[in-house]
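Engineer: Feature table excerpt (TrEMBL):
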| type | residues | note |
| --- | --- | --- |
| DOMAIN | 8-70 | domain '4Fe-4S Wbl-type' |
| BINDING | Cys9, Cys37, Cys40, Cys46 | [4Fe-4S] cluster binding site |
Amino acid sequence: MNWRLTAACRDLDPDVFFPIGTGGMSLVQIAEAKTVCRRCPVAEQCLAWAVGDGRVEGIWGGTTENERRAMRLREDLGS
Ligand code: SF4
């Protein structure tokens with residue numbers, strides 16, 4: 001978990017990465033979080049951790065929980 005030390009979100013408000021709901025203001029929050037993730041030097045590690053851990057809430061590695069769920073499903077179908 002050392003990669004967290006250089007995370008772009010390290011000193012930001014964590015609420016941005018945990019939007020409530022899937023519409024309205026949460027869409028703005030999701031877009032803001034993804035903008036931060038795009039410039040994060042450890043996005044790849046973060047995403048791998050979130051997918052591997054089965055983390056279901058929040059934005060991790062530039063993905064929403066639904067996007068990660070779809071990734072896991074694709075991986076399961078491919079194996
Ligand atoms: S990819 Fe996004 S959520 Fe993950 S550490 Fe980087 S900024 Fe934070």
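Note: Cβ is positioned from N, Cα and C throughout, glycine not excepted.
Note: TrEMBL annotation is automatic and uncurated.
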Engineer: Can you work out the mean pLDDT of the predicted model over the domain '4Fe-4S Wbl-type' (8-70)?
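Structural biologist: Mean pLDDT, the domain '4Fe-4S Wbl-type' (8-70): 92.
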Engineer: Other than Cys9, Cys37, Cys40, Cys46, which residues of the chain come within 8 Å of the [4Fe-4S] cluster site, judged by Cβ distance to the Cβ centroid of those residues?
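Structural biologist: The surrounding set, listed in chain order, is Ala7, Ala8, Val36, Val42, Ala43, Ile59, Trp60, Gly61, Gly62.
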Engineer: For Cys46 ([4Fe-4S] cluster binding site), which of the three DSSP-derived states applies: helix, strand, or coil?
Structural biologist: helix
Engineer: If you run through the domain '4Fe-4S Wbl-type' (8-70) with DSSP, how many residues end up as helix, strand and coil?
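Structural biologist: Going through the domain '4Fe-4S Wbl-type' (8-70) residue by residue, I get 35 helix, 2 strand, 26 coil.
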